[in-house]
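Peer 1: This is the structure, below, for whatever I ask next.
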Amino acid sequence: MTIARQNRLNTAAAHGALILYTLIALFPVFVIVINSFKTRKAIFREPLALPDADSFSLIGYETVLKQGDFFLYFQNSMIVTVGSLFFILLFGAMAAFALAEYRFRGNLLMGLYLALGIMIPIRIGTVAILEMMVQTGLVNTLWALILVYTAQGLPLAVFILSEFMRQVSDDLKNAGRIDGLSEYRIFFRLVLPLVRPAMATVAVFNMIPIWNDLWFPLILAPAEEVKTLTLGSQVFIGQFVTDWNAVLSALSLAILPVMVLYVIFSRQLIRGITSGAVK
Amino acid sequence: MAVEPQKPKFRWHIVVFLAPAVLVYTAVMIYPLFNTLRLSLFTEVDQTRVFVGLQNFRTLFGETVWSNQFWNALGNNFWFFVVHMLVQNPIGIALAAILSHPRLRFAAFYRSAIFIPTILSFVIVGFAWKLILSPIWGIAPGMLDAVGLKSLYAPWLGKEAYALTTLSLVSVWQFVGIPMMLIYAALLSIPDEILEAAEVEGITGLSAFWKIKLPLILPSIGIISILTFVANFNAFDLIYAAQGALAGPDFSTDILGTFMYRTFFGFQLQLGDPHMGSTIASAMFAIILIGVCLYLFGIQSRMRRYQF
């Protein structure tokens, strides 16, 4: 009896702690979003109240859509994120297959070389990256960002994917070889479909840091027509810092796409982390 | 496993599979990294590049204009890291321990909700907290007033004494989801038999956590510590989004990332200097390398891993 009582107390305490922390985690997002729908007066008079008929206003969103080119920024972010993910997955899977499948001289060394980049942040090399992008004329193009994020994402992708590719059955591949499939077909037709879950994990891991990065867009592609959403909202907010309606609306608009991505991919993300893919 | 051909012939497909990844990785990551280290040995005189050896490092550590800024940024960076280790990781472990309790309802909901700040960009996080803590808007003072603690309020981000700690805590708020998830995964992988055996011995609840679970998740805590270290010593975005490149007030929130950005890219009246920027980048590289090596050789190799 006492144990049951204690258990219930424990459970209540656990829920209490989790609810408290959930509130702390969500409160800032909540405050920003509700206030973006209010008039300027209401924002300051009652910051914690929900918008009602009296205080509801979309003036901030109107300013944002008129002044900032948020659709262009969104499009740029999309191109950069999708492009980088495509190359990370394609090149990463190919290299992982070579390392996992074939025995050749330098295999281990190559694996170690590619793994170096897991621990060393690519930002350290920024000065030389900028110089190289200026020399090749890639500065202020989306290609500069795609290349940098691909290089940044490859080490972990190769590491995770080769772990998974080692688990693909040899019998299957050898059956393919006996049927006369080339090594390329074995990779694309037999192995790739089997490691799709691992590819999804790698994609989700890379997606959010690429989408949210501020450093490389700021340095490699600051021009108006190639601004990503993260840099675009940073610059916009900096210019409209006294227009609270516009700032709050811009923040809400920047939150929206990541939240949509999160809702779609959160199960994949959490499964990826908890399955021990990053141990 | 490869089928070894009788006559060894060159297997071109291996090259084709490896080439794209190795080329991009080498050209965009490894080569620039070493080129940056090399550039730190040069300087610019009359628009031509001149080799000066270690002169830039002498300037960085010897001239007070530079060395004061460097040590300030390094010290701030250490404090930034210490706050993360002392606040972020214990909270993350505690949340994971609660979440991993079997039969806890809504665990998936809590997990997803607490992870939300982690997916937001630094720009959103930096500005959102700036607005919330702002004395003009009055959310923070208003809430403190509601619990009778209004006297504790100060415009934290504007005060030299508090700004760095405040920003560190904002960063903790943002990233607590990562240690939570990794520890959660480690806790789930502990086999039930071990916990049941402990229960038979009368070890349950908190003492089971301290005596059984914590020693078993030590390797994961080690990984989290080194990930935190690398991320913190390479941080930039949050400080830039919240306080700008000058890392105000009066450089009190300046960390190595913002210092390097200002130096190499230039800001306002200061002209950009890629060579001094490379010098700072090299120093950051050395710091991160020392940290990673200490972890690999000092901690990880001594840690016992349990295989289940």
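Including glycine, each Cβ sits where the backbone N, Cα and C put it.
Among the features that TrEMBL reports, domain 'ABC transmembrane type-1' is placed at B:74-297. What TrEMBL lists as transmembrane segment is B:12-34, B:78-100, B:112-132, B:161-187, B:216-236, B:279-298.
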Peer 1: Contact between the transmembrane segment (B:112-132) and the transmembrane segment (B:216-236) is defined here as three or more C-beta pairs under 8 Å separated by at least 6 residues; is that satisfied?
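Peer 2: No, the transmembrane segment (B:216-236) and the transmembrane segment (B:112-132) are not in contact.
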Peer 1: If you count Cβ pairs under 8 Å, which stretch among B:12-34, B:112-132, B:161-187, B:279-298 touches the transmembrane segment (B:78-100) the most?
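Peer 2: Comparing B:12-34, B:112-132, B:161-187, B:279-298 against the transmembrane segment (B:78-100), the winner is B:161-187.
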Peer 1: Let me spell it out: take the transmembrane segment (B:279-298), skip the flanking residues so only those 6+ beyond its ends count, and list any with a Cβ under 8 Å from a Cβ in it.
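Peer 2: Beyond its ends, the transmembrane segment (B:279-298) has Cβ neighbours at 33, 36-37, 40, 56-57, 59-60, 70, 74, 222, 225-226, 229-230, 233-234, 256, 259-260, 263-264.
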Peer 1: Are there residues at least 6 beyond the ends of the transmembrane segment (B:161-187) whose Cβ is under 8 Å from a Cβ of it, and what are they?
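Peer 2: Hits for the transmembrane segment (B:161-187): 76, 79-80, 83-84, 87-89, 91-93, 95-97, 99-100, 111, 114-118, 120, 122, 125-126, 129, 133, 154, 213, 216-217, 219-221, 223-224, 227-228, 231, 235, 238-239, 242-243, 248-249, 252-253.
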